[in-house]
Every structure is written in structure tokens, then in C-alpha cells.
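The structure appears below as C-alpha cells.
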Amino acid sequence: LSNTQKTIQPSIHQRISYLSLFEGDRDEYDRRYSSFPDTLKIKMKGMAKDMFYFGYDNYMKYAFPEDELNPIDCQGRGPDVLNPSNININDVLGNYSLTLIDTLDTLLVLGNVSEFHRAVKLVIDTVSFDKDSTVQVFEANIRILGSLISAHILLTDPKHPFGNVGLVDYDNELLHLAHDLAVRLLPAFENTSTGIPYPRVNLKSGVPPDSINETCTAGAGSLLVEFGILSRLIGDSTFEWVARRAVRALWKLRSNETGLLGNVVNIQTGQWVSKQSGLGAGMDSFYEYLLKSYILFGEKEDYRMFQASYESIQNHLRRGRESCNEGEGDPPLYVNVNMFNGQIMNTWIDSLQAFFPGLLVLNGDVEEAICLHAFYYAIWKRFGALPERYNWQLQAPDVLFYPLRPELVESTYLLYQATKNPFYLHVGMDILESLEKNAKVRCGYATLHHVVDKSKEDRMESFFLSETCKYLYLLFDDDNPLHKSENKYIFTTEGHVVPIDKRFREKQWNDLSPCEKVVPDQETSNGPFSNNSNCDRIPEERRYSLPLKSVYMRQIDHMVGLF
């Protein structure tokens, strides 16, 4: 901030005249980010909407009922049946109209009830999971199961903010489809000596005979939200029980020294195959779902695990100055370390870690979220995209592709909801314009093969419509029913909308672990909904200026080689 702003004390009189903060001696960051006109917000909202429909309409025209759209060739894409070992494709594509299913609730978020109804009917009439497809349990869970459950809840919940979007003659078909899929995923949890599931199943025949015994922590430990909601909707504890057993099994394998978990584990021996501990690929949604499961289900065990994980992360993964917005030293950064001793294992971070500022917001740590988000945004500003891996020591990408991932947009949206700071609208506009410029092709938006030369791959993953476009649209739509509703909502790790509902805090069965000690209520008094939330600790004067002081923003820009 300028010298004038640094000396301002937030008296009542000065709070009233806060606009004076933007007058006089302002630097480039203040000038660029400190306001965002309503007319521009409306324009960006329209741009995000057009982006979604350009991808969605072309998927329906050229690709449906296949799983994905190849946006350059304007053709559909399904599993690679000629090469079963091509897991980059086959883990995700199950020959079940993936993109249509993954997109259902986005249509409602955009207010298109008629197309939502048409899409639901198409799913009911055309989708079957009785397929000879071997898919990754994690991907099928978050993209397919989560979307079916979300759409079912939106169709049947009379309190939903989108009004009466019920479908005539709807008979819980989406819930039945979700149940059928979940049953087909259950064999992954059988015949493992730890209770940690196999990574893949064949939807028709179960675990393939040549299945490997190794899985990543996120893949095995991020099933609890969708499986838990399904169990509570249908009154069958099986699904929540197997998902919770997997989380507990992983939790028991954490290091006694650091409290950290590794990246890849052997499901039979419980030995860590990869001892790397970080916040990105292979681990990200494990931490996300500990907190979100607690928010949804109110199970204190989940929050205890999250609190302990969070403490270990802060103690062993975090580097840099103690405070985000005060003091000397490097900006805060979360690195990859050896789970047993906390020593740095490499000097790269990956783009999936950009989800973590959003999780920090949910936990009330808004200041920390501001700093980490600024680092990822600086990388985006430099390349017009987020490289899959970025080497912070070399100031260069290690892995050069960008498959239209949503994590930075998601954190931007959540930070804007927490702060209402116009800076985050500028970030969203920057991301939107970059995607339009660098990723748009003849029939959709394509994966960037190389973030520097902007060469492309012919693939538009379903999460682009399910998450990236959804969060961009919501960022600029202050009047969206989700924001105006008295009900509270949370997003799954695939961006699907789920209400925080007392139905999901009630079980029709006894406690899953009756021997567990009862936890006193005060244990969660500092949780994400406590009165002690860090949300209120942002100094008043900075609510009307940049979220991060200019000197620190400039430092981060310099750190990633912007100047």
C-alpha cells in the first residue's frame, strides 16, 4: 500500500470515507485491481455463460452419447478399447456419457431449467452402467456418482433456491442409477487386507485379475462425501462404511514422527510406495474431504482428523514467513516433503495444489488463503495458464500441459465470497480472457499441450464444464440463487452442488464404530463454523483495498519471474 494508506487507522469516520484510500498516491496494483464496474461484471458473467454453452452445445451436437468432446476434430471420444493400458483415457471414460452427466447441475446454476430437464431425461433414457468398462473408482465416484446424487437432490428438494425444478413423473431414477453404480464399485473394497480399495474396477466383472495393489491417498480416501450421502439417502450404511473404513485405514498409516501421510500405498501390505507428502496430485482431495465430510455429516471424527492433518501440514510442509501480510521473508509456500522426516523431496508444486486456498477459506484461514492464491495467480499471469508442475526454484514449468483445470478458479470464487474484494473479479476476468485466447478452438476448448507455445491437445475434459465454467459464472453472478438462498451449500471436489442439510446429519443405523470414544463438543469449538473464525481477523482498512499488500504482491510476481 502507499504511504498514505499505511498510516490510516480504521476509525469510524475513516471507514465511512474509505474511498479516499483509492485517491492520490496509488501504485500500479491499486490502480489495476481496486475496483470492478458492475457493467464489466455483467459482461464477464455473459462471457462465462457463452463459454459454457460453446462447449456444452458442441458436445451435444458432435459427441453425445460418447464420454467427451474432441474440440479440434469436432468428434466424440470414448474409452480406448484397443489399448486397455491407456489409463489416462480409460480411468475416466466409461462409455456412459460422462460429460452430460458431469454437467447436469451446471445447467441449473446457469438457470436453464428446461435444458436441465432434457438432460436428466436423456440420462434416464440412455445411460446404463452395465458396461465392460474398467474405470478408476475415484473418477467414477466424483464425476458420475456425485453428479447423479447432486441432480437427484436438486430435483427433489422443495427448499431448493432454483424454485420448483421438479420433473413430472420423476421416480428417483437418478438415485437408482447412482445406487447401481456404487454397487458396481463395491468390489474394489473386497479382498484387500487393509480395507483400502483397489484403484480400478470393471463395471461388469469387478476387480480385474491383473489389478495392481497400489493406489494413491486421494483416490482411496476421497469417497466419503458421495458414498456417505448415498448411504444416508437410501438408508444403507454399506457405502459410507466402506469409504470411512478406507479413510481410517489410511489415517492409521500416517507417520508417528510428522503425522503426515504418503502419496501412494500398497493396499495389501499398508507399506508406502511413495513417501512424498504434499497438497497436490495424489493427496489433495483427501484433506478436502475430511473437512467437507465434517461440514456435511457432523461426524467429529472427521474434524479431528482434519485438525491433526492441518497441524502437520503447517508444521512440515509450509515454508516462508510466518504471516501472510506482515513481516520479512519469502511468501508462504507449501512444498513436497518426505512423510517421515519432513525434508524437502523436490522443488516443484503442481496445479492441483491451487485448490488449497479454497480449503483454507472453508476453514476460516482467509489471510493464509490470500497469500497462497496470489502465488498461483502470479504463475497464471506469466503463462496465461497453470502448468501441471511448476518448479519454484528454477522459476519454470516442469510439466508443461494445462488440461483446463478448475482449482485456481475455485479458490478465486471462494476467496471472493469470503472477502468481496474486487481483486478476485480481476483474477476471474484474466482467467476467462486467457481461456478464450489460448484454448478456444473450432468446437470447444482444448487442453493446452504446452503453456509457453500454447500448442494444443484435442481433449476437453468433463470438469471444464462441470467446474471451471461453473465457478467462473458464479464468481460474476452475485444474484445467483445459490448466493441468495437461506440454505447453505457446499461443492464436492468435482464442483457438484450439495445442500448442507440436517437429513445428512441423521443416520438410520447405529454408530459405525460403537467402541469409539465420545468426543466432547468443545473439541470442535474452533471449527469452521465457530465464532472464533479467522474470517473476522482481516483488518478493516484492507477490506477496501488490495487483499495482499502491494509490496508482497510485487514480491510474488518477482518470485515467479514476471519481471
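Please read every residue number as a count from 1 along the shown chain.
Cβ from N, Cα, C; glycine included.
Note that the coordinates shown come from a computational prediction; the quantities given were computed from them, not determined experimentally.
As given in TrEMBL:
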- Glu139: active site, proton donor (ACT_SITE)
- Asp284: active site (ACT_SITE)
- Glu388: active site, proton donor (ACT_SITE)
- Glu407: active site (ACT_SITE)
- Thr493: Ca(2+) binding site (BINDING)
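Recorded features from TrEMBL, shown on the structure.
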residue : record                    : contacts (Cβ under 8 Å, 6+ apart)
Glu139  : active site, proton donor : Asp91, Val92
Asp284  : active site               : Ala218, Leu352, Gln353, Phe355, Phe356, Thr493
Glu388  : active site, proton donor : Asp350, Ser351, Pro397, Val399, Leu400, Phe401, Tyr402, Pro403
Glu407  : active site               : Ser351, Leu352, Gln353, Ala354, Phe355, Gly358, Leu386
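A simple way to gauge crowding: the CB of Thr493 (Ca(2+) binding site) has 25 other CB atoms within 10 angstroms, across all the protein chains here.
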